[in-house]
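According to TrEMBL, the features are:
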type	residues	note
BINDING	R235, N256, H257	S-adenosyl-L-methionine binding site
BINDING	R235, D253, Y267, Y292, Y304	substrate binding site
DOMAIN	77-293	domain 'SET'
Amino acid sequence: MTEPSTISFFSNFLPSFRPQTCVSHRPLSLPRKHQVHCSVSAGATPQNAVAWGCEIESLESASGLQRWLSESGLPPQKMGIDRVEVGERGLVALKNIRKGEKLLFVPPSLVITPNSEWSHPEAGEVLKRNSVPDWPLLATYLISEASLMESSRWSNYISALPRQPYSLLYWSQAELDRYLEASQIRERAIERINNVIGTYNDLRLRIFSKYPDIFPDEVFNIESFKWSFGILFSRMVRLPSMDGKVALVPWADMLNHSCEVETFLDYDKQSKGIVFTTDRPYQPGEQVFISYGKKSNGELLLSYGFVPKEGANPSDSVELSLSLKKSDASYKEKLELLKKYGLSASQCFPIQITGWPLELMAYAYLAASPPSMRENFEEMATAASNNTTSKKDLRYPEIEEQALQFILDSCEASISKYNKFLQASGSLDLDVTSPKQLNRRLFLKQLAVDLCNSERRILFRAQYILRRKLRDMRAGELRALKIFNGFRKFFQ
């Protein structure tokens with residue numbers, strides 16, 4: 001769970017944009033629940049589930065969490081846990097709630113942070129002695145506390161966490177290849193899975209193998225780390241008023257996401273609790289929502305396992321891949337400049353329904369520029385990387401038509417991939433005999449179809465704008481040519 005003004009583990013749109021290499025499996029730079037108009041969420045059947053937690057829709061464990069929190073210092077609430085249409089479980093209003101009202105007031109003593117006390121102090125001391133960063137530290141902390149069951153003070157909280165979080169971490173390579181072949185989110189999912197595996201392997205090599213009595217393999221293994229990172233990716237917040245401290249906030253993380261609200265969690269110094277301020281009123285029985293941040297549908301699927309309905313998310317975007325042509329006479333020179341500024345021959349840029357970033361246009365200018373514009377190559381590469389201090393709209397009128405055509409060609413190539421997948425999706429062979437597995441495959445397929453429809457919609461809009469611009473530009477050129485020819489005939 002991330003809030004709009006704090007965590008930005010993925011590239012934002014504008015103005016602070018960093019283009020993404022389209023295929024990249026870097027070591028983990030540790031970082032990066034549901035929507036009012038949610039189409040479907042990944043209700044996957046656990047295959048190698050951990051021994052703790054609950055089914056995602058369990059109300060009994062969530063009610064037990066509420067009782068424990070109340071006994072431990074959580075003040076009386078205007079919201080209660082219930083089964084909801086969006087997100088299986090959610091918090092609903094018990095009383096009338098006004099717009100602008102502060103809710104929750106979770107005390108810091110009931111919040112998990114990197115400084116939380118370990119039930120197994122030796123484990124915490126070993127990790128801190130080895131300067132383990134906050135995210136893998138908290139992932140290990142969750143596993144350690146979960147393995148202690150009732151001996152952990154967090155047992156009621158962990159019992160209410162999903163045994164298998166909604167996350168692409170639980171998709172197999174074959175499922176990613178099959179269902180997300182058209183979307184760049186596939187590469188992001190593969191990168192994230194590899195990052196989690198790489199982080200676990202690093203911890204096992206450097207720490208766990210040296211302290212097997214503290215970190216036994218049967219507890220601290222890749223399956224438990226997939227679970228703990230799945231929990232962190234979907235529930236972790238940064239609290240602006242606590243210097244950006246990362247935290248898990250029990251009870252608050254039962255709140256589901258809506259694209260229609262902008263409120264988020266933060267620490268309230270006056271009440272000394274974690275709160276959010278409503279930006280709309282709620283009547284008794286209505287589900288109460290917060291925002292997980294201005295994220296695209298692909299990012300929401302990546303971390304939270306759901307896709308809003310097509311057109312419901314104003315922050316939606318699709319990553320468009322642009323590539324230099326190897327047949328370009330200046331290919332090597334351009335590639336060297338791109339590498340100089342941290343880019344590559346193939347880059348992904350976000351396109352929204354409202355347009356695209358200046359960096360994308362700069363990359364297109366570079367790709368379309370002839371050798372005679374060599375003196376401008378570096379300026380274009382710098383602008384494409386967002387490493388320039390100038391935010392001016394870079395313009396090269398002499399090659400604008402070629403640059404727009406280059407973007408249009410890339411856009412239409414991407415649309416073709418989406419069309420191919422969506423046309424084939426009706427006949428995808430699910431190839432399963434188990435009803436539970438069939439249910440899982442149907443969920444994944446529906447998620448993929450919803451994501452592809454929403455991303456293709458943005459590409460269709462970009463295609464329309466590009467075609468119109470090129471048509472108008474060429475029509476203007478044709479009119480100018482006719483006028484020129486008219487003058488030439490007049491003076492002959």
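Just so you know, glycine gets a Cβ as well, placed from its N, Cα and C.
Annotated features taken from TrEMBL, shown on the structure.
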residue	record	Cβ within 10 Å
R235	S-adenosyl-L-methionine binding site	24
D253	substrate binding site	23
N256	S-adenosyl-L-methionine binding site	26
H257	S-adenosyl-L-methionine binding site	26
Y267	substrate binding site	20
Y292	substrate binding site	27
Y304	substrate binding site	29
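Y267 (substrate binding site) sits 19 Å from H257 (S-adenosyl-L-methionine binding site), taking the CA atoms of both as reference points. Cα to Cα, Y292 (substrate binding site) and H257 (S-adenosyl-L-methionine binding site) are separated by 6 Å. Across the fold, the C-alpha of D253 (substrate binding site) and the C-alpha of R235 (S-adenosyl-L-methionine binding site) stand 6 Å from each other. Across the annotated binding residues for S-adenosyl-L-methionine (R235, N256, H257), the two most widely spaced Cα atoms sit 11 Å apart.
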